[in-house]
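Chemist: Features from TrEMBL:
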- 30-141: domain 'Longin' (DOMAIN)
- 210-230: transmembrane segment (TRANSMEM)
- 250-269: transmembrane segment (TRANSMEM)
- 276-293: transmembrane segment (TRANSMEM)
- 299-317: transmembrane segment (TRANSMEM)
Amino acid sequence: MHCGRVIWSGGSRLGRSSLLVEMSMILSASVIRVRDGLPLSASTDYEQGTGVQECRKYFKMLSKKLAQLPDRCTLKTGHYNINFISSLGVSYMMLCTENYPNVLAFSFLDELQKEFITTYNMMKTNTAVRPYCFIEFDNFIQRTKQRYNNPRSLSTKINLSDMQMEIKLRPPYQISMCELGSANGVTSAFSVDYKGAGKISSAHQRLEPATLSAIVAFILSLLCGALNLIRGFHAIESLLQSDGEDFNYIVAFFLGTAACLYQCYLLVYYTGWRNVKSFLTFGLICLCNMYLYELRNLWQLFFHVTVGAFVTLQIWLRQAQGKAPDYDV
């Protein structure tokens, strides 16, 4: 594994592009937030060859699809490859020539990931609003890129061996051009098979990071479910003691418990028709509390219905990742 060395000066843009193809090297790298495609940092030395500039369009298109893709992928674009890995809501993407070794490419991305996670906490990356707000990370990208463009200077043989084994056991998913769509913005839906990851369907989409209000809603919903469960068991005891307890009250308590727990599930996991299911579940909570009107005072009824409405709102606010604004990556 070694990179070619070419001495060249002058010439046209087309000549420079053909030289890049003959060399084995990393050309550029970017750090992108997964949920909305916001570029957080990038190398600032893009080559100006026609093929390289075309690849920037694929960077932009991939950034909008990151939430729907496996965490390790490769896109082959003729003479160049785009590789990326994703972790903790951030994706690390790089452009290299087609003959650049896979093990070096993903080892390079792994180093970027470790350094970025060490330098910036998740709160900063989740709350960032400006593109390239971590542009100072470019200094590390440049230094690492220079090292990996001269593999003889690398002193990480053990790490490379580990990465080679990992890639062999779990190879990157190969994205095809028909899945990506055309560069003019017409894209197709991703429905792909991935070794070790299964089919990427709506059931496996990731949700946006949970906010403090979503965590509070989750806890309150569990509390309401527990209260309904306890009252349900008390109702069963009263029925067994022949105290004239209505069996329908027992059903209402346990239905209320199930509705609260299902709201917790919808808050944590993505499913099809998730918003509709949350509204129907809230309706069931309201009906159960209406039926239990004689067993609860107004404050108890208000608490249960308000918590149900609050959880429903949080489910609606916490949507799936992947709707990306048109950032210029």
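Glycine too: its Cβ is placed from the backbone N, Cα and C atoms.
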Chemist: Grab the same-chain neighbours of the transmembrane segment (210-230) for me: Cβ-Cβ under 8 Å, and only residues 6 or more beyond its ends, written as numbers and ranges.
Modeler: 253-254, 256-257, 260-261, 263-264, 267-268, 288, 303-304, 307-308, 310-311, 313-314, 317-318
Chemist: Could you give the number of helix, strand and coil residues in the domain 'Longin' (30-141) as assigned by DSSP?
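Modeler: Secondary-structure breakdown of the domain 'Longin' (30-141): 48 helix, 30 strand, 34 coil.
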Chemist: Can you give me the average pLDDT across the domain 'Longin' (30-141), rounded to a whole number?
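Modeler: Reported value for the domain 'Longin' (30-141) is a mean pLDDT of 85.
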